[in-house]
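**Student:** Pulled the feature table from TrEMBL, pasting it below:
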BINDING   8-13, Asp33, Arg38, 86-90, 127-128, Glu161, 272-275, Arg342  NAD(+) binding site
ACT_SITE  Cys272  active site, nucleophile
DOMAIN    328-452  domain 'UDP-glucose/GDP-mannose dehydrogenase C-terminal'
Amino acid sequence: MVKICCIGAGYVGGPTMAVIALKCPSIEVAVVDISVARINAWNSDQLPIYEPGLDEVVKQCRGKNLFFSTDIEKHVSEADIIFVSVNTPTKTQGLGAGKAADLTYWESAARMIADVSKSNKIVVEKSTVPVRTAEAIEKILTHNSKGIKYQILSNPEFLAEGTAIQDLFNPDRVLIGGRETPEGQKAIQALKDVYAHWVPEDRIICTNLWSAELSKLAANAFLAQRISSVNAMSALCEATGADVSQVSHAVGKDSRIGPKFLNASVGFGGSCFQKDILNLVYICECNGLTEVASYWKQVIKVNDYQKNRFVNRIVSSMFNTVSGKKIAVLGFAFKKDTGDTRETPAIDVCKGLLGDKARLSIYDPQVTDDQIQRDLSMNKFDWDHPVHLQPMSPTTVKQVSVVWDAYEATKDAHGLCILTEWDEFKTLDYQRIFDNMQKPAFVFDGRSIVNPEKLREIGFIVYSIGKPLDPWLRDMPAVA
C-alpha cells in the first residue's frame with residue numbers, strides 16, 4: 001500500500017489530501033501538523049476551515065484511509081511520498097524583508113524529514129515557494145542523507161478558495177515538476193499515477209523543477225494583474241461617467257481576453273496574490289531585472305490605491321469626516337464562500353476608517369469576532385506566521401463591534417460598506433435598513449452587488465465602484 005504523508009494541515013494540505021484519499025482508496029493518507037488544536041479540529045465535527053463540500057469528503061474517508069495526527073515523525077518515516085505544505089510567509093525582517101519568502105518552516109521540515117527517514121522518499125513541494133527552493137531543499141536532504149535517496153518534485157496548488165473541492169475534483173491542470181534524470185522522471189511518474197486515479201492524462205503537465213515553481217507565481221501574478229487592470233479602469237469610469245461593468249463585459253467578449261477576473265472591486269485579497277507578486281519582484285531584483293520587478297510591483301500599487309480611494313470616497317462623501325459616526329461593514333472575508341480573511345481588503349478599509357475615528361459595526365456570516373479583532377490589531381504580514389508567534393490576546397479595538405446580523409450592523413449607522421460579495425447581501429430588505437439608518441443614508445458598494453438605481457429610489461446616496469457617480473458625490477471629489 002502506497003503511503004502519503006502531508007506536513008501542514010492548512011487550507012492546502014487538508015482539502016488536497018482529503019480528495020486524494022477519496023479518489024485513491026488504496027492509498028493511505030496522513031495529514032500531520034504541530035498544532036494540536038488544528039489536528040483536533042480536523043478530527044472533530046467542526047473542521048478548522050470552511051470550504052463548500054469539504055465536510056462530506058473528510059467524513060467519508062476519515063478513519064479509513066485518511067488520518068489527521070500530531071505524530072509527525074512516525075508518519076513521515078513510514079511515508080513513500082511526503083507533501084510539504086507549510087507556510088512560506090513574507091519575511092518581516094532581515095535580507096529581503098517585505099518581499100522575500102521566509103523559508104524557515106520549509107527548512108525545518110526538510111531537516112526533520114532527513115532526521116527520521118529510514119527509506120527512500122519522494123518529497124513534494126506543495127506550498128508556494130520561490131523559484132529554486134527545490135535546489136536548497138535537495139541540498140539539505142542530500143547532505144544529511146545517511147545513504148537514503150530523495151527525489152524532490154514541485155506540485156504547486158491552483159485552488160481557489162470557495163471552490164477548492166470542485167477545483168480538486170476537476171482541475172484545469174495538475175503540474176508536476178522534477179529533475180530531468182531517470183530517477184527524477186520515475187518520481188514524476190509515481191506522483192502522476194496518484195493523480196491519474198481521477199485526472200485525465202492530458203491535464204497532467206510534467207515540466208522541469210524551475211518551470212513548475214515559476215508557473216505558480218506567474219499564474220497568480222497574471223490573475224492579480226487582471227484585477228488591478230479592471231480596478232484602474234474603474235477609477236477612469238467614475239471620472240468620465242462610463243460604467244465599468246459595461247466596459248468589462250464588452251472587453252471580456254473578446255475570446256482572446258475572456259470574461260473571468262474582470263469584476264471591479266475594492267481590491268484583491270487572499271493569502272497568495274500579494275505574497276506571490278512580492279516574491280516575484282524579489283526574484284527579479286535578485287537577478288538584476290529591475291524593469292520587470294517594477295512592472296509587477298505596479299499591480300500591488302494599484303490594489304493599494306483602490307483601497308485608499310474607497311476610504312477617501314467614504315470620508316469625503318460624509319462631509320469630510322466620519323469621526324464618531326457608526327459605519328456598518330458588511331463582509332470581512334476576502335471573498336464569498338470562505339471564512340478566510342488573509343490580506344482581505346476589508347482590513348485596510350476598516351483601518352482607514354478607524355484612523356479617521358469612525359465607529360464600525362461589522363457583520364460577516366463566516367468570520368468570528370475574535371478573528372476580526374485579531375486582524376485589525378495585527379501588523380502587516382503577521383497573519384502568515386504561526387499563531388504562537390502572533391500577538392497573544394488581540395487588544396480589542398474599542399471602536400469595533402462585531403454583530404451576527406446585517407440589520408443589527410446597519411441600525412443607526414450613517415453609512416454602509418459592502419466589502420465581500422456574499423449572496424445574502426443581494427437580497428437584504430434595503431427599505432428596512434434605510435428606515436433604521438441615520439439620514440442622509442449612504443451605501444458604498446465595494447463589490448458591485450446592489451442595484452444603485454433601486455437603492456436611490458429608496459432614498460440612499462449610493463457609491464458603487466466604477467459606476468457613474470451619484471449627483472451628491474460629483475460635488476465632493478474623493479481626494480486620493
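Just so it is clear, glycine is given a Cβ too, placed from its N, Cα and C backbone atoms.
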**Student:** Measuring Cα to Cα, tell me the gap between Asn87 (NAD(+) binding site) and the residue listed as 'active site, nucleophile' in whole angstrom.
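**Tutor:** So the alpha carbons of Asn87 (NAD(+) binding site) and the residue listed as 'active site, nucleophile' sit roughly 11 Å from each other.
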**Student:** Pick the one among the binding-site residues Gly8, Asp33, Asn87 whose Cβ has the fewest other Cβ atoms within 10 Å in this structure.
**Tutor:** Asn87
**Student:** Given the recorded positions Tyr11, Cys272, which one has the fewest other C-beta atoms within 10 angstroms of its C-beta?
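**Tutor:** Checked Tyr11, Cys272; of these recorded positions, fewest Cβ neighbours within 10 Å: Tyr11.
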**Student:** Just the number: how many Å between the Cα atoms of Glu161 (NAD(+) binding site) and Cys272 (active site, nucleophile)?
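**Tutor:** The Cα atom of Glu161 (NAD(+) binding site) is 11 Å away from the Cα atom of Cys272 (active site, nucleophile).
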**Student:** Summarise the domain 'UDP-glucose/GDP-mannose dehydrogenase C-terminal' (328-452) as counts of helix, strand and coil residues per DSSP.
**Tutor:** 42 helix, 19 strand, 64 coil
**Student:** Tell me the Cβ contacts of Gln274 (NAD(+) binding site) under 8 Å, same chain only and six or more apart in sequence, or just say none.
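**Tutor:** Those within reach of Gln274 (NAD(+) binding site), by Cβ under 8 Å and sequence separation of 6 or more, are Ala224, Phe268, Ile300, Asn303, Glu343.
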**Student:** For the domain 'UDP-glucose/GDP-mannose dehydrogenase C-terminal' (328-452), what's the model's average pLDDT?
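**Tutor:** Per the prediction, mean pLDDT sits at 90 for the domain 'UDP-glucose/GDP-mannose dehydrogenase C-terminal' (328-452).
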**Student:** Which residue, of the binding-site residues Thr90, Glu161, has its CB surrounded by the fewest other CB atoms within 10 A?
**Tutor:** Thr90
**Student:** Whole-number answer please: how many Å between the C-alpha atoms of Asp33 (NAD(+) binding site) and Cys272 (active site, nucleophile)?
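**Tutor:** The Cα atom of Asp33 (NAD(+) binding site) is 21 Å away from the Cα atom of Cys272 (active site, nucleophile).
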